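What Swiss-Prot says about this protein:
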- Glu233: active site, nucleophile (ACT_SITE)
- 500-536: domain 'CBM1' (DOMAIN)
- Asn351: N-linked glycosylation site (CARBOHYD)
- Asn414: N-linked glycosylation site (CARBOHYD)
- 22-458: region 'Catalytic' (REGION)
- 459-500: region 'Ser/Thr-rich linker' (REGION)
- 1-21: signal peptide (SIGNAL)
Amino acid sequence: MSSFQVYRAALLLSILATANAQQVGTYTTETHPSLTWQTCTSDGSCTTNDGEVVIDANWRWVHSTSSATNCYTGNEWDTSICTDDVTCAANCALDGATYEATYGVTTSGSELRLNFVTQGSSKNIGSRLYLMSDDSNYELFKLLGQEFTFDVDVSNLPCGLNGALYFVAMDADGGTSEYSGNKAGAKYGTGYCDSQCPRDLKFINGEANCDGWEPSSNNVNTGVGDHGSCCAEMDVWEANSISNAFTAHPCDSVSQTMCDGDSCGGTYSASGDRYSGTCDPDGCDYNPYRLGNTDFYGPGLTVDTNSPFTVVTQFITDDGTSSGTLTEIKRLYVQNGEVIANGASTYSSVNGSSITSAFCESEKTLFGDENVFDKHGGLEGMGEAMAKGMVLVLSLWDDYAADMLWLDSDYPVNSSASTPGVARGTCSTDSGVPATVEAESPNAYVTYSNIKFGPIGSTYSSGSSSGSGSSSSSSSTTTKATSTTLKTTSTTSSGSSSTSAAQAYGQCGGQGWTGPTTCVSGYTCTYENAYYSQCL
């Protein structure tokens, strides 16, 4: 994934902490916005958790520990303070954030809203936040054999923007226990990594990234240092109102690692070195439009992006347990009370509507893409990172590297749109230029709400209200999900509501399964493996 940009000219005074490592400033108290989310069980009961979110360290004011002097201004480090990575970390501090006024981040109950352009004392573009379990640690999700559900409103995201919700294999504490130079930790949003091995991060592994720093040629606020931060990435949702994709990006290591120079690979390295790193920067992606299903997602289409909807992602294992091997990543939607199956590929050589090893191999072959996915472990490697636990990222960004054309237009732009895999959406190849998007769509925003996590089939039939963004429960409150009538646009049968039958796309069998073994009208209990059958 490409990096995110922020326009911030800090004009603050501070009283600063002093010590011998990357520090925390004290001018602005860090207060994390609250965000509720739910954990569900197989019987349909969901418990509300009182969580909070934190903005990434790259967005924060970085200043001297002995004065209000910026350590980083525009897209350059102050070399009188930052003579090298270690010294810079000792001399500089990260300060607290004013989330709404500076970054356009607001929460209400279970809803998080991210504004695109925020003009306060300085100009901010986009944001990247993490869900926390407490004030000093990120929440870790172990996705294997589970289901992750959320509501999203992308109606105000035009071409060139990406409202991305995804998981990365960051350290739960942001790196404080492993790297003594990191005194800020998860409380201040440190420790980011992804499959692009981003080199635009200001701090990595408790050190600054000022050595070899080259200011960006097309962005006055960013640059690239000698080091990158690598880890596995599961893009559950990358989308605007035109296109969407979900993508698995495995890495050789299940934990975060630091890389050097162009050997990092990914977006931030020379074009010839894109695949030289330890991660898969391309991943195995599922974009319905790219797979020929051009009438499935968008304004007024099957999944109508003019209105909020629910996104359900299932991480299915070979034995149906949380300790099994990842074999499939499946997508469902719920909108206006209807369960909608994912838009299937229209290419005869690429079958299905989910990510499997067979799908990834056939898609790479059809599109002529290099199969770096298998080189770095494929689905099994992705599953190993999930088993360790991954951090939830919620973000909104524009793309200075490729104008987001890889998501919503024809890409590469010098290839024919009729070539399989080139067309990814209806946006013009001239769209997505950050300066234009920022000028023409400053009021764009995305909302995420009603996050739920639990066993497969436990979250999306529990009466979530798309876009409601409200929760009256505390962390000790348990609610019992009620059965609702679910329909699908992929069949002429509307189904029926029944307490004795599994709902559309729900689990209906498998070893150890004690729930219903028949499906509502119009659906058949379909064998997936010995531990899991589903109403399809």
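Any Cβ shown, glycine's included, is placed from N, Cα and C.
Rounded to a whole number, the distance between the Cα atoms of Asn351 (N-linked glycosylation site) and the residue listed as 'active site, nucleophile' is 24 Å.
Every protein chain shown contributes to the tally, and the Cβ of Asn351 (N-linked glycosylation site) ends up with 12 other Cβ atoms within 10 Å. In this structure the C-alpha atoms belonging to Asn414 (N-linked glycosylation site) and Asn351 (N-linked glycosylation site) are separated by 27 Å. Around the Cβ of the residue listed as 'active site, nucleophile', 27 further Cβ atoms fall within 10 Å across all displayed protein chains. For Asn414 (N-linked glycosylation site), the Cβ neighbour count at a 10 Å cut-off comes to 8, with all displayed protein chains included. As a whole-number mean, the pLDDT of the region 'Catalytic' (22-458) in this prediction is 97. DSSP assigns Asn351 (N-linked glycosylation site) to coil in the three-state reduction, placing it in neither a helix nor a strand.
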